[in-house]
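Asker: Quick one: the structure is below, questions incoming.
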């Protein structure tokens with residue numbers, strides 16, 4: 001029996017269970033009402049229906065989930081017990097290759113065999129697959145029937161079906177909320193585990209403080225000792241994300257927020273605010289393409305024109321500029337919020353003393369809103385250093401430690417992409433280095449976020 | 001305090017100058033603000049304008065009308081027995097080459113797309129009778145000629161385009177194959193259908209996973225959970241997940257879904273699962289805000305007439321909060337649709353020339369396709385990349401428009 005057929009059958013059984021249990025409960029209700037006791041049936045008929053349907057489906061589905069994991073092992077075992085399997089090579093790799101091929105042919109994924117040995121195993125495989133498939137299907141159906149029948153006998157006027165169903169609803173809500181924790185743990189665990197393997201090959205001190213980054217040479221067998229110094233990557237990330245991008249984003253974002261909240265007419269504000277927010281909605285791959293195709297060549301030509309040496313067609317400036325534009329809406333909306341949180345009385349006081357609007361903004365509003373603005377900038381920085389596509393497409397791969405914005409630099413995220421695309425061997429330091437870089441990135445963005453949120457929160461409390 | 005102090009003379013020259021200076025500073029500051037807004041907006045306009053300028057040409061294709069005299073051609077085919085096999089054995093590429101050289105001159109190689117013979121094959125397959133007469137068939141032009149016809153090519157190709165235009169065999173039309181074809185090596189033949197279908201499948205998986213889980217989490221945290229260290233942990237992890245760089249989710253997908261669970265590489269299933277983990281916190285945060293805005297009186301009223309806590313939430317609170325939740329979901333999905341980096345990590349950057357048939361088939365998605373095309377050396381890919389970007393942006397715009405519409409239409413002020 002095939003998977004979809006079983007699932008359809010089960011769904012049908014569930015529906016039948018729901019309908020029949022509901023009908024029975026309704027009959028009970030009519031009977032009870034005829035005796036004049038309106039409260040004789042505890043739960044509405046629908047709850048009885050759900051109760052029986054869930055009892056029909058859940059045990060069977062749990063069984064199928066377990067069976068799907070156990071059955072392949074049982075199938076392989078029974079194939080190995082077959083006389084045709086005696087001639088298999090003992091070496092594990094070629095053995096599993098032959099078995100895999102036989103399985104692919106038996107289940108119809110593959111037409112013919114490359115290895116004559118696997119051809120002989122096809123028939124035993126087919127028989128075993130068939131046997132365990134049918135067994136699993138029959139067992140699941142029996143379980144569904146048993147569960148449904150047990151629950152059906154419990155449909156009685158005083159049975160608290162609603163309470164049971166609601167308990168299950170609550171449990172599933174709780175489980176759903178645990179997925180967030182599982183994901184976080186999964187991220188931390190996978191990063192830590194792979195980084196741990198990396199640091200067993202490369203000294204953490206060399207990684208964090210080394211200044212030479214050339215994973216290719218390590219992959220070619222020149223040793224891991226000084227090939228994984230990540231400082232040039234950290235510098236490139238800070239240079240693009242925290243310096244160039246912020247030089248663009250902070251003034252533009254802050255001034256936009258000030259203009260739109262303090263000067264602009266409501267109509268202008270209504271139209272310009274969503275327009276600026278569109279900047280944050282453009283996919284980063286589009287920004288990256290734009291930076292690489294339009295901005296970078298223009299900047300290189302400009303650099304050559306004013307006579308700067310080392311100008312590259314992939315420059316820190318191109319990536320940083322475009323990233324800064326992408327960040328403008330973040331800075332602007334954070335600044336907007338913190339300026340709005342400054343008490344009106346401070347503003348009124350300043351204006352009443354005869355200060356102009358700009359003097360009020362510069363000398364009262366901004367100093368008062370500064371913690372909020374700083375928090376927003378920190379969030380923007382954490383966003384910028386985690387940004388991938390713009391730097392992959394526009395910043396280049398050369399691990400330079402340079403102050404020249406027209407030169408090519410590389411970043412943490414670029415190198416993660418670079419190390420993990422292409423052929424991967426999961427025991428080489430080159431591949432594992434990507435996870436160590438990911439760990440550093442994760443920790444830094446997390447710290448930035450925690451600090452930023454704390455700053456913003458503290459400042460909000462000060463005015464409340 | 002001396003009694004001789006006089007009030008400030010605001011009319012004095014010095015004071016007037018000072019006031020004028022302060023007003024000038026005021027104007028300068030206001031102008032700087034306006035300048036920042038205009039500069040940011042014009043950057044957006046410049047970006048969209050550049051993409052439009054490059055991309056609209058990507059939707060058109062140059063074709064050459066070949067007047068083929070089939071009986072006189074070296075084609076050996078029996079019109080009565082046309083099968084896929086006989087067409088494959090007829091060596092159409094060479095025949096096309098010979099015919100084209102006769103009609104267009106010795107440089108026909110450079111003028112026709114290397115896959116031009118496919119158009120001829122399809123024409124014969126559609127109507128085998130044309131083999132007994134002279135028939136005009138439009139075949140795609142080469143990338144060089146295509147660019148030249150759109151006035152952006154090399155000098156010799158420009159000349160060839162002018163010559164062919166004079167002969168009246170050159171035409172430019174809407175490129176339907178861009179919407180129906182998949183990735184390829186030749187820019188005249190590529191299309192976005194494969195990537196689009198991949199995106200669609202990935203988004204379906206993302207939505208099916210993240211929406212129920214996100215809504216359930218939001219309901220649990222907002223309606224049922226008592227404040228404890230446990231709910232604090234859940235809350236902190238959701239806020240953190242919302243701030244984690246997307247590439248980290250890619251690393252998670254790579255090490256857990258691919259290396260630990262051995263799910264298929266490059267598949268929409270894994271892509272969708274990875275993006276669902278990323279989208280879920282967005283839905284949870286939007287959902288909690290929407291649930292919070294449902295006034296407590298509704299809950300009290302329902303409880304008062306005997307509804308159970310689960311009935312209160314599922315029959316009263318959730319329907320009222322749904323527009324807000326949906327708005328948040330659409331915004332989260334729009335973000336997931338534009339996401340590239342995590343999908344690169346799980347191997348969705350492979351060259352895939354056929355559209356995926358299911359969620360476990362190797363697939364690619366629109367943003368990744370854009371990234372792959374942007375890396376191509378051939379000049380013809382520039383306009384194709386921009387055209388794909390236009391399609392992607394159109395979808396994002398439509399999704400965000402829908403979100404804004406929903407918010408305006410169903411938003412209730414209590």
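Using N, Cα and C of the backbone, Cβ positions are placed for all residues, glycine too.
Straight out of TrEMBL:
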type     : residues  : note
DOMAIN   : B:196-403 : domain 'ABC transmembrane type-1'
TRANSMEM : B:31-51   : transmembrane segment
TRANSMEM : B:200-221 : transmembrane segment
TRANSMEM : B:241-260 : transmembrane segment
TRANSMEM : B:267-287 : transmembrane segment
TRANSMEM : B:317-338 : transmembrane segment
TRANSMEM : B:385-406 : transmembrane segment
Asker: Can you tell me which recorded stretch out of B:31-51, B:200-221, B:241-260, B:317-338, B:385-406 has the most Cβ pairs within less than 8 Å of the transmembrane segment (B:267-287)?
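Answerer: Per the Cβ count, the answer is B:200-221.
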Asker: Is the transmembrane segment (B:385-406) in contact with the transmembrane segment (B:317-338), using at least 3 Cβ pairs under 8 Å (sequence separation of 6 or more) as the test?
Answerer: yes
Asker: Mind pulling out the one from B:31-51, B:200-221, B:241-260 with the most Cβ pairs under 8 angstroms to the transmembrane segment (B:385-406)?
Answerer: B:31-51
Asker: Please give the sequence-distant neighbours of the transmembrane segment (B:200-221): residues at least 6 beyond its ends with Cβ less than 8 Å from one of its Cβ atoms.
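Answerer: Hits for the transmembrane segment (B:200-221): 231, 234-235, 238, 268-269, 271-273, 275-277, 279-284, 287-288, 290-291, 313, 317-318, 325, 329, 332-333, 336-337, 343, 356, 358-359, 363, 365.
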